[in-house]
Structures are given as C-alpha cells and as structure tokens.
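Written out below as structure tokens is the structure these notes cover.
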Amino acid sequence: MENAFFPYFVLFLTFGWGQGRVVKVPEGPLVRVEGQSVSVRCTVSDYEGPREQDFEWKVKRGDTLLQLISTFDPAYTDRTLQSRVDNSDFTIKRLGDATVELRIQNLRAEDSTVYRCSTPSTDSVISGNYDADVELKVIGDSLKVSAAPPPTVVPEGGPIKLLCNATLDPAHHTYLSIAWSLKKGATSEDVLTFGPNRGVTTGASSRQRYAEGGLRLDLQGSGSYGLVLTEARPADQGTYVCTAKQWVLEKGGVWQQVLERSVEMGEVQVTPTAQSLVVTVDNNRTLSVDDTLNLTCTITADDLTALGLEVTWVVSPALGAGPSGPRVLVHMSQDGVVTGSSEHLGVSRVGTGTFSLVVHGVDRSDSGQYSCRVRAWVRQSSGKWYQAAEKTSNPAHVLVAVIEPELRVTIQDVVTPQSSGDPTELECQVTDVLHLQDGRLGVSWHYTDASPADQPISMRPIATVDEQGNLQPGDEYQERMEKGLVILSRVKPHTFKLRLLHTQDTDMGQYYCMVSAWTQGRDGAWAKNKEVQSDHLRVSWIPKNPTVSVSAQTLREVTSSGSTFEMSCQVKGENLQNPGYSVLIQMEGMDGGKARKILSLSQDSVMKLEEWDELGRLDSVVLEKTGLEEFRFRLYSAQVTDRGSYYCVISAWTPGPENTWAKAASAASNKVQINFADTGPAFNVSIQSETTSVVPGETAKMECIMTALGASRSAGDVSYEVRWYHSGLLSLDRPALMVSMDRWGVVRKSPRNGSSDCSLEQTDTHTFALNIHSVQDGDAGEYHCTATPWRRSSSGAWTSGHDLTSDRVFLSITLAVWDSLKLPLLYGTGASLAVGLLSILLGFVCAQCCCRNSKHTPRTRNGLMDLEMD
C-alpha cells in the first residue's frame, strides 16, 4: 500500500506545486531608435484573487531598480523620474484585467536599460513568478533618405525611372526597406516594396505588371535604389513618394519596424497617345470610270516610332450608290499583315506614319466617303500588345462620274373604284429609256392623303420592288399585302402595276410611282444611278354611308300566363354590298330599368343565349331567320316575370378578306309589349317559432307559412321554392343561406362553419318547418325565409311569381347554470371522498406494518427498580 502511494505523492508535488502565477513581458532585447516611441506589454495569468490585477514598473539605473509607474499608486514614481512621468514620457495603459502596456515617448539614449514588470500577490499560496524583466536598447537616428526627381512629362509607352537613396549606420545591425507609392489626389496606392529581407512585395494593381516585366528593380548599390516602369500608362500619372523604413529582427524571427521616413520624388504626367494621335487623309477627288484612285493616310503622334500602327481603310457609299453603312476595304495589322487586298485594291506603307491606298479601274460603285481608321498599339515587356488609342480621319469624298440613264415615267388608272369595297388598279409605265445598257429598273409606290389645303400632306410608302425583284412593303400596308389585298406586279419589262382588291375610304388620295435605274459595279453590287418620279394621280369617289332601319311587330300576343309570344323583326339596308345581319333581342321590365339581353343570332346564323339563364326555361326562347331581311322571336309559356317591352337590335356587316366581317351600321326597332292581366291568387309569407330562447343542445323549430288570397286553386296547381337565411350576432355581411327546398321538394344545405346541423321539411301544403338540432352559441341571431310561388295554368304550364320575404325572428341561446355545474360538482365530490378514504387506508397500513414494536420487553418484578427507572 505504501509502495502504491509514493508515485501519487510525487505527481502531486510535480503538478500541484508546479502551477502558479505567471508574469510575462516580450523577450528582449528590444531595439528602438532615439526620439521614437516604444510600447512594452505585460500580462499575468494563472492567478487567484480579483479578476482585475494591478501592475508596477521599475527601471534599472546602474545597479539600482527605481520605481517608475504603477496602476494603483499615484505616488509610486521615484522623484528622479517624476518629471518625465508628468510630461507623459512614461505612461501606463490598461488593456484588460490582466494586461497593461508601458509606453515611452521621445526615447533617449539613457533609456537603454532593463525594465521590470511586477504584480502584487493576491494568491492564497505564493507560487510562480511575480515579476519579469525586459531589456531595451536605444540606438541613434542614422536613417537618411533622398530622391532624384523623375521626368515631369512622359509619353504613353515611354519609360519612367524612379531613383531613391537611403542609408543606415551599419554599426546598429538594423535593416532597410524601400517602398514606392503613387498619390492621386487624396488617395495613395502602393507600387512596390523592396526589403527588409531583400524580398519584393507589389501592390494589388502592380502585381500582374511586375510578373510580366513591366516593373523592375534597378539596384545600383551604395544606398541607391531604382524602380523602372518600362511602359508608362495614363494610370501611372501622379505624384510618386519614396518611403524608407528601418527594421530590427527580434527573437522568434519577427520583423519590427523602428523608424520610417518618406520623401516626395515629384509629379509625373503621362501624355496619352490618344491625345497626340492625329490622322488625316488627302482632299476630295473626282475621277472618271477606269481611273486609278490613290489616297494617302498620314499619322502623327508623340514617340511615333515606339507605336505599332494598325490601319484600316473604310468607305461609306455615296447616297444611292449602294448599300448604306460603312464598309471595310482593306486592313493592315501592326505587324504589317494585309487582309482584303486584291488585284484592283491594295495598301502599302510608304514611310513613317504614311500609308497609301490604291484602287485600280474605278467605277460608279467606288464613289463614296473614304476614311482611314488607325489603332495605336504599345508593345509591353512581356511581348504582348495593348491598344493605346484609336482614331478615324475625316472622310475624303470620292466621286466617279458616269453617264446617267434617261427615262420618262407616267401613271394612269386602269380600274377606278366607284364606292368603298371596289377594286383599284394603277399602272406605271417607263418610256424613252436611254443609256441603261445592262442596267435594271426598280419601282416604289407612294400615297399621299387628301388633306385640306391648310394641313401638311403626309406621304406613306406602299411598297418597293428593287432591281432584284424583291418586294419590301411599307409599315402601314404590310398586313394588307400579307393577306393578298394589295398586289404589285411587273406585266412588261417597263410596265408596273398596283392593285387594291378592296379599296377603303381611307385609300382615297393621290398616288404616284418612282422608278429607279440600277447598274452593276465591278464587285457585282448594284448601285442606283437615277430616280424619276411620275405625276400624282387622284383616286376618289363620293362616299355613301350605309344605313339600316328596323321595325318590329307582334305575330302572336300573350293573353294569359303560359301563352306563346311571337315577334317579327324586319330590316332594310342601304348602301351595303352583300350584307350580313346580326340580331339581338332585348327586353325592358314593366318597372323600366336596365334592358336585359335575351338571345342573339350572329351574321353567320349562330344563336346564343345572352342573359337568359333561368333553369328549366333554356328552351323557352327561339330566334330564327325566316327571310333575307326578316327574323322571328318566340317565347313559350310566358310568365308574369316576362311582362315588359321587347325589341330587336340589328347590325349590318359587310364581308372582308379571308371570310372576315366588318360592322357597317346598326339600329334598334320599335318596342312590342307583353302585358297580360295576372288573374291568379295573391300570396303572402309569414314566420313563427315555438320559442325564441333555447338552451344549448336542444332543438329549435321555426315554421315558414304561405297563404294564398284570391282565386282558389287545388293543392296540385301551386308549388313553392323556400329558402331559409340566418344573420349571426357579429355578422357584418348579408344573411347567409342555410338550407333551401325547390318546388320539386329537393333539399339543399349550404356549408356552415361553427354552427349546428339543420333540416327542412314540408309539414303540409303551405308550411315549411326548419329544425336546428343541438343548437350552439353560434346559432343565435335573426332568421327569416323567402318563398317563390309557382302556379300551373289551365294549359298545364308552370309560371313563377314574385319572391316573398317573411319577417325576422330572433333566436337567443340561454345557459342553464345548474345543468352546467351539477356534473362538475358531482365528479369533484366523488373524487374528494375517494382520495380521503384512500389516505385513511394508507395510514392504517403504515401504522400496522412500519411503526409496530416487534420485540416485547417484559416488565421487571422489582418495584424499586421500576420506580428508579421511571
């Protein structure tokens, strides 16, 4: 046992007594420059006591430690150091509960010594270390920085050399780094940094450039450091700054900066190539066919020899000489590679910045505006090119004179319209054609409207047929041409026709044609040489507005309910060509109001029910065409609700292209009355309820009673449609339908949320009872019923009467207090009795089993002994 205890005791001494307070400072020596500042951090860990610890700093002077500064005692400082503490040369700043920082400003040579950080003990057991020392070495300021001024103006692509001189006292064993930065206004960006470990660090915008060789170091020795930008860019413009930094290598391989000085080298302006690049072309030229065209492009720029020039000759054809838009003739890259040249066309470099374009055997298609487009490229150190500028010269106008063809153009009407819808045919003839040779003719048709004299005339192009026979319709005529309503044709080599199959009123106006002569150039392209316009030809007629008139008459009158009504509608149209008629039957009630659409018949004889949606009577209305201009309407089994004024609205339609119809005119007929006497009985509806207050869970019963006044009818001649409605206590909407019964006895229930089930039954001929089963609180509110009586006439036809609405009955739900409380009271009393009996039983069992003394000690016979014990 003793052998097993000994290892545990050793471990306890090792680990238990090895832990304690730890005070740490940076591992020295710390090297700093005279006149600068230094911050020394001190931390404590593994301590007991309050979370926030106090610190004391002492400084070694000779062999003595002088009190410097404390976090808790303002009078801690030694009197020889008090003045520097008061001047804030020595300050202490708390960075946390267990961390402080000693800051020394304006370091002096005498500050080179050892500094000790101490922490007063707050531990229950003294263990660990309570102070730590760090050595500070203060060296003299030997950093010197100067810079050579860079060139003030540099052309784009030229080099920029930035020379900076920096020296240190080698006896201090410190290191040097040189950094170049560029200032642009208030912002500054790093270009490149060299050192302190002779490594190179580039800024984000210079990384790729340094990798490609656009930035390189020029180390000349003896403290001379150079940075060369091999190809200047506009982004390199600004003020350059050289910054020298002094470093020391502390223990652990950490570089610590101890001094920094900067000097502005000077401002550099980079002249963009686009600013100095100038491109010019020779003056205008006038040539004859088969002459040689020679144009010279002259280019000037700063440092032109350092640029790679890419030259492109572009021509924009003269108006009417060919397709519009600029066209590239020939191209020479910066490497001298030519593309687009031929035996008739070539480009050559005749000198520095001078390029010549030669076109042999020009023709009419060579007329146009010639421009020289130049792109200036700068070659980078990596061998790549980047585009520095692009400019295009002013155009030189070149005209190739040719003999224009001569021709005469006339227009005449072949078919003249007399009214809207008639065809129109116009003919454009070309005569006296000279000097056309192998040329071709094209034609364009135009229209001008018949505007009043004080209004501007609008011209609309109808269509154009070019020299290839391609058809190009105008925007406003494209749809009509696609449908074949406008046709252009060439009936003879010099004769063109325009046909309008269905002339409209908007087509009245003046028409003219314009014929163009085209000749083919050397490259196969067609050029327009001449264009001749015809006189204006007027197309018009006296328009006649289409009209229709409609009359209605009664063919069969309604004398009683259930009879058939028949009405005839006749229409007469004027100024209509092959019209079709659509008919709409409308009805106005006896009390006026909005007209109701019954049914309609389209111009294609398609019948459609409009607002006639009465169930069981969808086949009671018929509309048919009985003649070219006659229509008949029939209403079977007329009812009381059908009384009113009936009339027909007829619209005339004229046929259009592709089986379409265009509405021409419409009119309404006179009104025909259906007004027969209602000799049947008058009905009334009432409501009654057995009680207006019920208890939840009971059944509420209400009756809707119909009464008939007037002529008596048998029970089989009268039927009712009944509907029950309910309005809740908090309902803001209209009453909700609960249940309904149609005149055939079919019952339909509406879905109800949070309400009881209900039923509807007919107890006798005129009584309909509503039962609400197991009523709830949501069933409270107002109830009423509506009824629609139906009567059967002597002919056997059923007709409906007006809707009847009963009064309202309010149903309230009362709460029986005793009925609602008796069951909870009964259950509570029973549960209390059961718990009490169970408690008594458990107490008795515990007393018998747990508290009883199983050993019996007999009483002694010695009476004196018993008394003494008592």
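Numbering starts at 1 and runs along the chain as displayed.
Each Cβ is built from the backbone N, Cα and C atoms, and glycine gets one as well.
Note that the structure is a prediction, hence the values are computed from the model and not measured.
Listed in TrEMBL:
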{"type": "DOMAIN", "residues": "7-127", "note": "domain 'Ig-like'"}
{"type": "DOMAIN", "residues": "143-264", "note": "domain 'Ig-like'"}
{"type": "DOMAIN", "residues": "272-374", "note": "domain 'Ig-like'"}
{"type": "DOMAIN", "residues": "405-533", "note": "domain 'Ig-like'"}
{"type": "DOMAIN", "residues": "546-673", "note": "domain 'Ig-like'"}
{"type": "DOMAIN", "residues": "681-805", "note": "domain 'Ig-like'"}
{"type": "SIGNAL", "residues": "1-20", "note": "signal peptide"}
{"type": "TRANSMEM", "residues": "825-851", "note": "transmembrane segment"}
Best-contacting stretch, by C-beta pairs under 8 Å, relative to the domain 'Ig-like' (143-264) and drawn from 272-374, 405-533, 546-673, 681-805: 272-374
For the transmembrane segment (825-851), distant same-chain residues with Cβ under 8 A (at least six beyond the ends): none
Per-state residue totals over the domain 'Ig-like' (681-805) - DSSP helix, strand, coil: 6 helix, 70 strand, 49 coil
Helix, strand and coil counts within the domain 'Ig-like' (405-533) (DSSP): 8 helix, 74 strand, 47 coil
Per-state residue totals over the domain 'Ig-like' (546-673) - DSSP helix, strand, coil: 6 helix, 78 strand, 44 coil
Within the domain 'Ig-like' (272-374), residues counted as helix, strand or coil by DSSP: 10 helix, 55 strand, 38 coil
The domain 'Ig-like' (143-264), counted residue by residue under DSSP: helix, strand, coil: 11 helix, 74 strand, 37 coil
Residues of the domain 'Ig-like' (7-127) by DSSP state, where helix covers H, G and I: 18 helix, 48 strand, 55 coil
Mean predicted confidence [pLDDT] for the domain 'Ig-like' (546-673): 88
